[in-house]
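I have placed the structure first, in the form of structure tokens, so that the comments after it can refer back to it.
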Number of protein chains: 4
Amino acid sequence: MKVGILTGGGDCPGLNAVIRGAVRVIGNAGGEVIGLQRGWRGAIDGIGTPLTLENTADILWKGGTILGSSRTNPYKNPDDVKKLLASYERLGLDALIAIGGDDTLGVANKLYNDHKLNTIGCPKTIDNDLSCTDVTFGFDTSINICMESIDRLRTTAESHQRIIVVETMGRHAGWIACEAGMAGSADYILVPEIKVDIEAMCNVLKKRREAGKMWGIVVASEGAVIAPEEGYVTSNAKVDDFGHVSLGGVGELVASIIEKRTGIETRHVILGHLQRGGTPSAYDRVLGTRLGVGAGRLVIAKKFGRMVALQGTSIVDVALQDAVGKLKTLDPAFYQDAAEFFTV
Amino acid sequence: MKVGILTGGGDCPGLNAVIRGAVRVIGNAGGEVIGLQRGWRGAIDGIGTPLTLENTADILWKGGTILGSSRTNPYKNPDDVKKLLASYERLGLDALIAIGGDDTLGVANKLYNDHKLNTIGCPKTIDNDLSCTDVTFGFDTSINICMESIDRLRTTAESHQRIIVVETMGRHAGWIACEAGMAGSADYILVPEIKVDIEAMCNVLKKRREAGKMWGIVVASEGAVIAPEEGYVTSNAKVDDFGHVSLGGVGELVASIIEKRTGIETRHVILGHLQRGGTPSAYDRVLGTRLGVGAGRLVIAKKFGRMVALQGTSIVDVALQDAVGKLKTLDPAFYQDAAEFFTV
Amino acid sequence: MKVGILTGGGDCPGLNAVIRGAVRVIGNAGGEVIGLQRGWRGAIDGIGTPLTLENTADILWKGGTILGSSRTNPYKNPDDVKKLLASYERLGLDALIAIGGDDTLGVANKLYNDHKLNTIGCPKTIDNDLSCTDVTFGFDTSINICMESIDRLRTTAESHQRIIVVETMGRHAGWIACEAGMAGSADYILVPEIKVDIEAMCNVLKKRREAGKMWGIVVASEGAVIAPEEGYVTSNAKVDDFGHVSLGGVGELVASIIEKRTGIETRHVILGHLQRGGTPSAYDRVLGTRLGVGAGRLVIAKKFGRMVALQGTSIVDVALQDAVGKLKTLDPAFYQDAAEFFTV
Amino acid sequence: MKVGILTGGGDCPGLNAVIRGAVRVIGNAGGEVIGLQRGWRGAIDGIGTPLTLENTADILWKGGTILGSSRTNPYKNPDDVKKLLASYERLGLDALIAIGGDDTLGVANKLYNDHKLNTIGCPKTIDNDLSCTDVTFGFDTSINICMESIDRLRTTAESHQRIIVVETMGRHAGWIACEAGMAGSADYILVPEIKVDIEAMCNVLKKRREAGKMWGIVVASEGAVIAPEEGYVTSNAKVDDFGHVSLGGVGELVASIIEKRTGIETRHVILGHLQRGGTPSAYDRVLGTRLGVGAGRLVIAKKFGRMVALQGTSIVDVALQDAVGKLKTLDPAFYQDAAEFFTV
């Protein structure tokens, strides 16, 4: 049994835990694993190196992916699918584990449907917005980094009687902003799924000040949709055809709006790449390991076209077909819990 | 509406998140909260202080419990139950939220059953071994502390070509040892639920050495049951009537057995109280907050005799009756995942 | 004995350690301490609250300053100096401890020289660029935050084969960039004191790539002086009269230059306020405590017009006059040590 | 130029920084470095592997030593010195850098004096008790680990109204206990250099309780000398000929004495190996790197029989002869600063 494995899309703490888990289970069963370099790029080009117990022994605590990653999608170029099938043949692969987000898993699903390729998927997104799994690995590390950052920013906000707007990742889903904001005791949280109410936010911040709390923390998803108001200058904000600021610049824009509306000195911080790198938390090492072990077992059981997933406390498998193409947006009940704290 | 709240048993990171969440929700609904000091002790004596948005504003990130705790159980002294009922009356309480483990929750359940007291339970145990909830808060912080300790110990083990045995909490359940061991890349894990196989463990450690890996990490629950072998000296180990070492000294005993059987220099570290103190992880702050919010809402909805719980990604409520008196031991499938790594 | 204490300028981890140390020593000697709010603002307005062993017991581990801060300088308005002297009189102060940077200490020095006010200074700057003291508190916490950030960014840079430019604080001195870069294994470091050699930097990054190291980390002080090249777009960069980009935007500018010159995908991260908040490191808690104790002892010994300082391993005192007005820039020998690593 | 390098004695965070620094400087100058395995053991046996820019590129952030260590001392066996000299010859070494504590450096000094071997020393001890250098690397990481542990233990002590005794490393010197205790806001600190006053300690703890502070933290060096009182049971304590408990068991003994004398529930925690492992702090990475660079430059300058050291903010070199054989014990002034806090 010879199994290819690849990691696609943005990097995420826990990817190496998945790789190590799959290598171990397949190795224990007498199989071989080939690491394909840089996502689907490596699968197309057939560039891979053997992964062994030895060379995956010390990677559990390492952030990112030892395989590298890319956003290459073989379906964007018909020749690439052919090349991929030929490389799969040439390398003598019996199965292929694809660890990635909706795009990567969509390719795995199509290859299974169109070409009966023995693909297995493992869900990966730092944003926690993939369907059919309760949580994705990397997310927990990310919210811990955000929370620690907010913990740090709180004391500086307090000392200088400022508001600080913290911009987190989350283009389409507010999971990171909502959980990090809840963990960091944010005074207001802006997410893509909930219509932003600038006035309500400013009222909370002003009431805090009236009550003697001279500082505040606002957490905003990068994907929160703000209708720009006249006279606010932002450097990176991209305004879409509908006049909404959709990606980039949300933190800066929100800070300038708050400062203008409330008269309170306001700063913004963009956490950016800090949120996705570095050693995984215990949760992510455990989840990644269990998903890797689960993916390896699916290969051994020849259950292809499936994706490993976390449901409750169990690792289960679902059809790739059912998992791809749908975003798991923030549960409104969750935001409602956080909103209990948007008061003085 | 006037609601008492108390924390019983061992402290746990996230207790203050629960308190703050309940205070906020009940406050938002116009109610008052009275913090009872030191668990059931304070409920018996009727010693409490008002908890407000103000005095719970800065406690989310603080370990332990601002209410103090104790192991007092009013059912151990019939007078105490009477006193408790009188204090409840005198303080003018409409409901009582009890945050604690099986013992604390058992009291809440009996008070509800026997005296129709309006109790609400919130599950708390660092050991993660309570029923009806997928995870308990504090557990995640604990396994992160253990994992970081193992990460530190690994480099010293490697530099000195030693084995280090790490003793974790877990008297009756191996959740901490198993997850911390998995996260820390342990070479062997000993838990109370799985019969300890000393020979298998020593074989793994010897094979590692033969393969050039001159060091090793073993994680052992304090409650792992070891049949002591002749000639091993331990200082704290308590041997029960069946000749088993049940509590205390497991780490030291296992280290001495390994050293004698394998001839490899072996040290042990007891993480002890380090595992339960300090600022909670993001996961525990979020879970604690949501449980506190949930408990507050149960009070508002007058759903008494219930316990808040996490099931999947949702906060639900279950009958206290169903939750108490049963231990949630380690899922054997989970241990099986960890055991995939007990090889060279 | 009644002693005023204030904190001026930007906040810094360790300020509360100084406050607590001074309060303890003066309290042990039977004196009283009055905390003046928001730097010289509070001294002018005579707004202060008593600081006691009790209300400073739990502040050692807290970032920022419990006294608040401001950039108010009484010498900018002649009336303010008069008001300050009157407030000092009215509050019945015997001495005044001013914790702050060059600006704050300069005021303390002038008040001592011009009005024989019993001032004591304690040096504070996150940038480590004050004279007469080997190190300033807050700096160690800051370089640890930067280093941890670089550790995180390295794995994402590696996974995506990118260069990441990390912009640190340091307007006039490169201490943070140089020590954080050395601690974070930076491949190149840009500081204000050393003429930036863009070509040398790009050569190092290209050579790394040729040697198979497909990623890189560059650390740049915000005050590093870059001569902008044609066609590079930056959003925040301020170009001075000499055509130099002096403050703001250095990270972005450097990233765009690298990408254009080398063709390697490059990102930038601005650590900003993250570097100055949060709980102090052990070094800063110890240094802050010792400086606070030292400042308290100077008051008791009536050695006014002096500043506490660290020299070698000892807390000493120097004349405020000698300490202010001179920047302690980065030791070129230190940069030379770091530059040994600007190779493949 | 071919240079051997070795690490002796207990491991310490920052050892790999020294190795990497020396390899880089010597490599930049066109020289070669041979890593000798396991301290003087490897020098005797002539077992070494080439260290290159490549294989030392990713070790800066790793705890322990990639070279392994041992306590082998060639002067304990006359043949070993001969073998060492022969191995030095056979490997074609031009110089030898020995990184270690008093024992390791003493050997380097003797080899230089007795055999004109071109040795260079680099001071290493986690205890910070080596002469001629202001600070040793590893110490800063250690006190941060201790401080974080105390921060965690404080909340559990507070919740349960207990005293917790934290036993730190420090056989002969109280630097770790004193600085960690100061950073952790300890209520009392016991060190080897200062005669332990049990009664004074218990008075502080009782007065705290009377003042409503129902908990306390005591930090004790493992080498603090306690005269055991009748009836206290300790499991590991070794009582010397003078009736003093010198090594092992100090924490447990102190806890039992406090509990008996004050009647306050008391627990103890032994930090043990946790204090010496894991990734180094920024301070230790910088200090280690600069010492490694400095050692490499001494080799290039052919200044043998010297040791690199930190004095003030500079890396200097001193005669090995002057550095070995003298312990740098805790500065009493430092303990006096800490003692200001041994009050309510």
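Glycine residues also receive a Cβ, built from the backbone N, Cα and C atoms like all the rest.
Taken straight from TrEMBL:
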ACT_SITE  D:Asp127  active site, proton acceptor
BINDING   D:Gly10  diphosphate binding site
BINDING   D:Asp102  Mg(2+) binding site
BINDING   D:Thr125, D:Ile126, D:Asp127, D:Arg162, D:Met169, D:Gly170, D:Arg171, D:Glu222, D:Arg267, D:His273, D:Leu274, D:Gln275, D:Arg276  substrate binding site
SITE      D:Asp103  site 'Important for catalytic activity and substrate specificity'
SITE      D:Lys124  site 'Important for catalytic activity'
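Neighbour density for D:Gly10 (diphosphate binding site): within 10 A of its CB lie 20 other CB atoms from the protein chains shown.
Using a 10 Å Cβ-Cβ cutoff, D:Arg267 (substrate binding site) registers 19 neighbours.
Other C-beta atoms found within 10 angstroms of the C-beta of D:Lys124 (site 'Important for catalytic activity') number 31, with every protein chain shown included.
Between D:Arg276 (substrate binding site) and D:Asp127 (active site, proton acceptor), the C-alpha separation comes to 10 Å.
Chain B lies within reach of none of the recorded positions D:Asp102, D:Lys124, D:Thr125, D:Asp127, D:Met169, D:Arg171 when a CB-CB distance under 8 A is required.
The most densely surrounded of the recorded positions D:Asp102, D:Asp103, D:Asp127, judged by C-beta neighbours within 10 angstroms, is D:Asp127. Largest Cα-Cα distance over the residues recorded as binding substrate, namely D:Thr125, D:Ile126, D:Asp127, D:Arg162, D:Met169, D:Gly170, D:Arg171, D:Glu222, D:Arg267, D:His273, D:Leu274, D:Gln275, D:Arg276, equals 33 Å.
Each residue contributes its Cα atom, and for D:Asp102 (Mg(2+) binding site) and D:Met169 (substrate binding site) those atoms are 17 Å apart. Comparing D:Thr125 (substrate binding site) with D:Asp103 (site 'Important for catalytic activity and substrate specificity'), their Cα atoms are 11 Å apart once rounded. Cβ contacts within 10 Å of D:Arg276 (substrate binding site), excluding its own Cβ and spanning all protein chains shown: 25. Using a 10 Å Cα-Cα cut-off around D:Asp127 (active site, proton acceptor), the recorded positions D:Asp103, D:Arg267, D:Leu274 reduce to an empty set. In three-state terms derived from DSSP, D:Thr125 (substrate binding site) belongs to neither a helical nor a strand segment and is classed as coil. Distance between Cα atoms for D:Met169 (substrate binding site) and the residue listed as 'diphosphate binding site': 12 Å, as a whole number. Residues near D:Leu274 (substrate binding site) in space but far in sequence (CB under 8 A, at least 6 apart, same chain), listed by position: D:Ile145, D:Ser149.
A coil conformation is recorded for D:Gly10 (diphosphate binding site) in the three-state DSSP classification, outside any helix or strand. Mapped onto three states, the DSSP output places D:Met169 (substrate binding site) in coil.
Under the DSSP three-state reduction, D:Leu274 (substrate binding site) is assigned to helix. Around the Cβ of D:Met169 (substrate binding site), a 10 Å sphere holds 26 further Cβ atoms from the protein chains shown.
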